[in-house]
Amino acid sequence: MIAIRESTVNNNDLFGVSTAWVLANAWNVLVAIIVLAVGWILAGFISRQVRTLINARLKNDATIAPLVGQIVRYSILFVTIIVVLGQFGVETASILAVLGAAGLAIALALQGTLSNIAAGIMLVFLKPFKVGDYINADGIEGWVVEVELFATRLRTYEGVYMFAPNSKLSNAKIINYSREASRVVETKFTVPRSADLAQVRSEITEILRSDYSDAADSPEVLVDGLDENKVTLVARVPVRSRDWWQARSVLQERLKTKLDDRNNFAPVQNG
C-alpha cells in the first residue's frame, strides 16, 4: 500500500508539473500554433505568387520558377520557426548561434546535398537546358520535367521517370537536342559502283524535297565513302527538333521503299 501511494503521489506530481507548465504557457502555445499555421499558409501562398510572377515576367519559364518558389517557401518556414521559438523566450541571437554551429556541422556531413543545391542554382541561371528539352548528360537522357532544389526530374523516351542529382548534371557534358529550332536527320545507304550517282542523288533529293518542303534548308545527298563494289551515300535533311524522331523513321522507310523499287540499289543501312 505504501509503494502504491508513493507511486500515485509521484504521478500526481508529474502531471501537476505538466499541467502547471501548460497553464503557464497556454497563451504562448496558442500563439505558436497560430503562427505556425499562418506561416505554413503564407509560405505556400507567397511561393505560388512568386512562381506566377516569374512565369509572367520570364514568359512562362518553367525552369527557374519552381526553384525560386521552393527557396522562398523554405525561407518563410525558417523565419516562422524562429518566431515560434522566440515566443517561448528563446533569444534570437542564441538561436542563430546554435543554428550557425549546427549548420556548419550539417554542411560538413551533407556536402553532397549542399552541392546539389548549389548545382541546381547554377543550372537554373546558366540554363544549359530548360523544362521540356531533351538532353543527354553522360548517360542521363530524357525530357526535362522540372529542375528542383536538390535534383532534376526527367522522363525518358520510354516514359520512365528519372530523378537525377543536380551535382551530377552540372559536372557532366550536357547535350541538348532541343536547344536549336531544327536538327538534321541523316541516313546512310549504299549503291553499286556501277550505279549512275547523278540519277541516284537526283531521285533521292526529289523525295526529300517532296516530303520536307517546309524545311529551313534544302535537303542534300552526298557521297560518304567508296568501296570496291559499292558507294556509300548519306541523305541529310533539316527538320524541326521536336519532329526529329518521327522524321528519322519516315526518312528511312521512304528510302527503303525507293531503294527496293530499284534493283541496282542496295538496302538502306542505318548510320
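Glycine is no exception: its Cβ is also placed from the backbone N, Cα and C atoms.
TrEMBL: automatically predicted annotations, no manual curation.
According to TrEMBL:
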type: TRANSMEM; residues: 20-46; note: transmembrane segment
type: TRANSMEM; residues: 67-89; note: transmembrane segment
type: DOMAIN; residues: 70-111; note: domain 'Mechanosensitive ion channel transmembrane helices 2/3'
type: TRANSMEM; residues: 95-126; note: transmembrane segment
type: DOMAIN; residues: 113-179; note: domain 'Mechanosensitive ion channel MscS'
type: DOMAIN; residues: 185-261; note: domain 'Mechanosensitive ion channel MscS C-terminal'
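Taken together, the residues in the domain 'Mechanosensitive ion channel MscS' (113-179) have a mean pLDDT of 88 on the 0 to 100 scale. Taken through DSSP, the domain 'Mechanosensitive ion channel MscS C-terminal' (185-261) splits into 36 helix, 26 strand, 15 coil.
With DSSP classes pooled into helix, strand and coil, the tally for the domain 'Mechanosensitive ion channel MscS' (113-179) is 19 helix, 25 strand, 23 coil.
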